[in-house]
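Student: Have a look at this one.
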Amino acid sequence: MITREFDTIAAISTPLGEGAIGIVRLSGTDSFAIAQKIFKGKNLSEVESHTLNYGHIVDPQNQEILDEVMLGAMRSPKTFTREDIIEINTHGGIAVTNEILQLAIREGARMAEPGEFTKRAFLNGRVDLTQAEAVMDIIRAKTDKAMNNAVKQLDGSLSNLINNTRQEILNTLAQVEVNIDYPEYDDVEEMTTQLMREKTAEFEALLSNLLNTARRGKILREGISTAIIGRPNVGKSSLLNNLLREDKAIVTDIEGTTRDVIEEYVNIKGLPLKLIDTAGIRETDDLVEQIGVERSKKALQEADLVLLVLNASEPLTDQDRQLLEISKDSNRIVLLNKTDLEEKIELDLLPTDVIKISVLHNQNIDKIEERINQLFFENAGIVEQDATYLSNARHISLIEKALESLQAVNQGLEMGMPVDLLQVDMTRTWEILGEITGDAAPDELITQLFSQFCLGK
């Protein structure tokens, strides 16, 4: 009997809705046979692999033509899933793609589960878990640099690093075993306490360096969480609209117009900035506005960057001073808005690196972008050529656990424990790293990971 893992699956691989092209994908042993039942054109058993073939999709029960298509035929093992794959390129639209999918299912295919095509690629050894996760990162990437990082991971940058480290750990464990089982072998280097200490330090340094990339990787994947704060009606929402170059926030002269937190993404020199337009922080009796103010304070605490907007045409208020105080320890840029009006703000009470802007006239908005680039990218050295960045919370957690196991090895060495008794913690490190690539990942984890994928991927 064909198992559920290896029967023939089908799904629509393009977003539902109107479009130029829609793709219905099949993968499995019977892909060609099922497609032949509904495809009127060349004999698919005779076509060369990796070719596009013109024809029509026809309902075999009544010979009704559903659409004119180009059918992609790809034979295993040189496919994404390492199974036979058929991709029916049809005209985009909800009705036609659904009709073709239902035909394929009626003729023997099964509706694919979310992420099942990529899961099969993993189970068949085409990709490991880090590469499978990179597929989703590519789909979700908001900027070119985020996409490039995901592409490098798909190409095996993280896999190679983890696999090489696991191999070195395995070599160390094997050396300990040989010393125990065959002490008479003089040609095998003895794994002394000092040598084990050196090996452990080497592994720790490598994994620590990788872990240190997590902050930059998180920025690439999720964006810089940027809270725009200020008292009501200083121009926060107008600034958001200027940075986005479109109107997303309501702009009026009425205080308290923004009553909740508005989140939008903008591309700053190839990196994602998650802009959070907060409700003006002030004392208010309006219950709805109070909730917005509390959310603003929370956004301020969690932000990677704070843009504090002040009104340059008015003296500092108590609210301004409060905001300057509560944001002083943040990664902050102070912006003086309304500089097109007469300047009345006390400059001597402000940081020296304030940026003067006018959101009404779109003046110096580019200087904000330049400052952000300096703070996060140029000074921090983010996105070095060919660097590998940890951007996945699962990977980060497992690297931290692997380092804990190595620290346990070090503690044992400091206590004078024999090298052979430290194998357990060293082996645990090897196993944890295997969870990253999927070599030692439990089935429940694999199922959960792929369930997060979209249908048809």
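Cβ atoms here come from the backbone N, Cα and C positions, even for glycine.
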Student: What does Swiss-Prot list, out of R25, R166, R197, R394, as binding the same (6S)-5-formyl-5,6,7,8-tetrahydrofolate as E87, R126, K457?
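Tutor: Within the candidate list, Swiss-Prot flags R25.
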Student: Can you figure out which of R25, E87, R126, K457 (the binding-site residues) comes closest in space to S237 (Mg(2+) binding site), comparing Cα atoms?
Tutor: K457
Student: Return only the integer: C-alpha distance in Å from E87 ((6S)-5-formyl-5,6,7,8-tetrahydrofolate binding site) to N233 (K(+) binding site).
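Tutor: Cα-Cα distance, E87 ((6S)-5-formyl-5,6,7,8-tetrahydrofolate binding site) to N233 (K(+) binding site): 54 Å.
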Student: How many Å lie between the Cα of K236 (GTP binding site) and the Cα of K457 ((6S)-5-formyl-5,6,7,8-tetrahydrofolate binding site)?
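Tutor: Taking the Cα atoms only, K236 (GTP binding site) lies 40 Å from K457 ((6S)-5-formyl-5,6,7,8-tetrahydrofolate binding site).
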Student: When you rank R25, R126, K457 by Cα distance to N233 (K(+) binding site), which of the binding-site residues ends up on top as the closest?
Tutor: K457
Student: Return the residue, from the listed binding-site residues N233, S237, with the maximum count of other C-beta atoms within 10 angstroms of its C-beta.
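Tutor: Selected residue: S237.
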Student: Please give the maximum pairwise Cα distance, in Å and rounded to a whole number, for the (6S)-5-formyl-5,6,7,8-tetrahydrofolate-binding set R25, E87, R126, K457.
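Tutor: About 19 Å separates the two most distant Cα atoms.
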Student: According to DSSP, which kind of secondary structure is R25 ((6S)-5-formyl-5,6,7,8-tetrahydrofolate binding site) found in, if we only use helix, strand and coil?
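Tutor: In three-state terms, R25 ((6S)-5-formyl-5,6,7,8-tetrahydrofolate binding site) counts as strand.
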